[in-house]
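Okay, so here's the structure we're looking at.
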Amino acid sequence: MFVIWKKQGEKIFSYHGGNKKLNTYPSFSSARFLSQADLIKGVASLVLRSAEATVGNYSCEVTESNREGELKMELKNSSVVSCGDETPEEKCGSWFLLVERAVIISLMCLLVIFCAAQLSVIGLKYEIESQKKVCVIVALVIFAVVAGVGAALFIQDGYTVQNQAGLGLTVIPTVILIPLQYVMFGIVFDSLMQATLALIGLKLLGFIIAVVGFALCVPACPPLHGSVLIAGLAIMAIGSLLSLAYVFIMELVGNLELRNPQFIIINCFEINIARFLKFQNERSSSSGESCRRTTK
């Protein structure tokens, strides 16, 4: 028996029944029979890895003694079927759906934008120590660069160590935003109020949820808890937006405790002292004149 499989007229696999020899070709090195024992029953089905089973026209020619037959078929869309010897990437295909990957990366971009906007507003309205300003800017730049590298690795299709590392570089560095938020609130407020602590706590909660979601997603493909990861990042993004809005609102209603209120107090105190001294001088002058009149 002779079996020849072709794609677009070119051989991709052949079998010589006389010596039981299988011949494969470099572009289709994974090719094998579904069940070689069933060849005598007329079953010559071929198995290929998903990466090699590309769309196209395939044909199978079978020759046995004086009988010959050919079957042609068209592969329109290859599907991944686990046969026991595939790699994890081949069994899974895509780790996250394209929409999920887009949502995760979009949330990361929003985190960077909200944090940068808040820093810009604070930098324009309040005086910041040069050393503190440099530290905050460097921390934000490091976060943006690392998250950008992670997004570039994660956006690629497949379920590989590269994708996992990319998602890790995207999620784990968000912890930088929590102490960064604390520092930025410290620039605006002398003492952190309950609202500011609640906003920082909201971002911390979002980070914890995102990390838990990441840990649950890594060993599973497709990920069963991708929504947990997305929810954590969404909570952090909401926390960043509310923090930015809070600074604006508190300034508009005039309830901001500015970083340097002591100058206002000192000025008022000096004015009061000046008025008091002036009053005392006038009173002393009046008393002196009364005494002189009495003496006369």
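Even glycines carry a Cβ here, placed using N, Cα and C.
Feature list (source: TrEMBL):
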- 1-76: domain 'Ig-like' (DOMAIN)
- 103-122: transmembrane segment (TRANSMEM)
- 134-155: transmembrane segment (TRANSMEM)
- 167-189: transmembrane segment (TRANSMEM)
- 196-216: transmembrane segment (TRANSMEM)
- 228-249: transmembrane segment (TRANSMEM)
Q: Mind pulling out the one from 134-155, 196-216, 228-249 with the most Cβ pairs under 8 angstroms to the transmembrane segment (167-189)?
A: 134-155
Q: Give, as a single whole number between 0 and 100, the mean pLDDT over the domain 'Ig-like' (1-76).
A: 78
Q: Over the span of the domain 'Ig-like' (1-76), count residues by DSSP class, listing helix, strand and coil in order.
A: 9 helix, 39 strand, 28 coil
**Q.** Contact set, same chain, for the transmembrane segment (228-249): CB under 8 Å, 6 or more residues outside the stretch
**A.** 100, 103-104, 107-108, 110-111, 114-115, 117-118, 121-122, 171, 174, 177, 181, 184-185, 188, 195-196, 199-200, 202-203, 205-214, 216-217
Q | Same-chain residue ranges lying at least 6 outside the transmembrane segment (134-155) that approach it to Cβ under 8 Å | A | 101, 104-105, 108, 111-112, 115-116, 119, 128, 162-163, 165-171, 173-174, 176-177, 180, 183-184
